[in-house]
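Peer 1: Handing you this structure, nothing more for now.
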Amino acid sequence: MRGLFITGTDTGVGKTEVTCALVANARAAGLDAVPMKPAQSGVAPGEPTDADRLHAACDGAEPLEVLCPYSFAAPLAPAVAARLEGRQVSFGAIVDGVRALAARHEAVLVEGAGGLLVPLTEEETYADLAVALGLSVLVVARAGLGTVNHTALTVEALRARGLVLTAIVLNQACETDDPSVPYNPAEIARVTGREPLARLAHVRDIAERQRFLRSRLAGKIQF
């Protein structure tokens, strides 16, 4: 299967923004790539969702419910949100759904929720999904204080499961005067053995930010 698994060191680090940029760049280059986000939570009626943005990034190449089969109201890990709603997330159905997309398209970019060890089902985490799909992993991390530890832990967890690290992207998702930001890329490279591919500065306007992300990531990540 051709594609990529996008995880984060935490929630709110910009996984969806990065995934949208990668999908849009791939499609602009002539590659039929689609995103897939198995589950999203914290969905409010009438409000735009991560799945909506991913759907737009691939020009509506697949129905929204195919690109994101599970949506939950509570802003919790999918397994917990499903439990509160009396529902179950089917790991097998998700794996089958990704493989079906891979059969119809040239590449599938699968976006997790939160971090690598977030419970997707009552038994499986997102790390288990990456293993089942055989996809290499892109880690999106915060740019600021604490990211060295969070990134190192994520890289250690994926390597322990035999997963291949494609790249680390440091994303400054909000404005900050954090003094650690200039030093974190080199320190992450030292402790993980992998230099972060890019440090993405904060851009307030959403449309302009997506253009910026696309330009910074263009041609840098292969899948």
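Each residue's number is its place along the chain shown, starting with 1.
Placed from the backbone N, Cα and C atoms, the Cβ positions cover glycine too.
The active site annotation in Swiss-Prot covers Lys37, and the record cites sequence analysis as its basis. Annotated Mg(2+) binding site per Swiss-Prot: Thr16, Asp50, Glu111, in sequence order, evidence recorded as sequence analysis. Among the features that Swiss-Prot reports, substrate binding site is placed at Ser41, with the record citing sequence analysis. Marked as ATP binding site by Swiss-Prot on the basis of sequence analysis: Asp50, Glu111, Gly112, Ala113, Gly114, Asn171, Gln172, Ala201, His202, Val203, Glu208.
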Peer 1: Any idea which of the binding-site residues Thr16, Ser41, Gln172 has the thinnest Cβ neighbourhood at 10 Å?
Peer 2: Gln172
Peer 1: Are there binding-site residues among Thr16, Ser41, Asp50 that sit within 10 Å of Gly112 (ATP binding site), Cα to Cα? If so, list them; otherwise say none.
Peer 2: Thr16
Peer 1: For the recorded Mg(2+) site, enumerate neighbouring residues of the same chain (Cβ within 8 Å of the Cβ centroid of Thr16, Asp50, Glu111, site residues themselves excluded), in sequence order.
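Peer 2: So the additional residues around the site are Ile6, Lys15, Glu17, Thr19, Cys20, Pro35, Lys37, Gln40, Ala51, Arg53, Leu54.
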Peer 1: Of the recorded positions Lys37, Ser41, Gln172, which sits closest to Glu111 (Mg(2+) binding site) by Cα distance?
Peer 2: Lys37
Peer 1: Measuring C-alpha to C-alpha, could you say which of the recorded positions Lys37, Ser41, Gln172 are within 10 Å of Thr16 (Mg(2+) binding site)?
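Peer 2: Neighbours among recorded positions, in sequence order: Lys37.
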Peer 1: Counting across all protein chains present, how many other Cβ atoms fall within 10 Å of the Cβ of Gly114 (ATP binding site)?
Peer 2: 22
Peer 1: Select the most exposed residue of Asp50, Glu111, where exposure means the fewest other Cβ atoms within 10 Å, treating these as the binding-site residues.
Peer 2: Asp50
Peer 1: Specify the count of other C-beta atoms within 10 Å of the C-beta of the residue listed as 'active site'.
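Peer 2: A 10 Å sphere around the Cβ of the residue listed as 'active site' contains 25 other Cβ atoms.
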Peer 1: Cα-Cα separation of Asp50 (Mg(2+) binding site) and Ser41 (substrate binding site), in Å?
Peer 2: 9
Peer 1: In Å, rounded, how far does the Cα of Lys37 (active site) sit from the Cα of Gly114 (ATP binding site)?
Peer 2: 12
Peer 1: Take the C-alpha atoms of Gly114 (ATP binding site) and Ser41 (substrate binding site) and report the distance between them in angstrom, rounded.
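Peer 2: The Cα atom of Gly114 (ATP binding site) is 10 Å away from the Cα atom of Ser41 (substrate binding site).
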Peer 1: Could you give the Cα-Cα distance between Ser41 (substrate binding site) and Gln172 (ATP binding site), in whole Å?
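Peer 2: With the alpha carbons as reference points, the distance is 22 Å.
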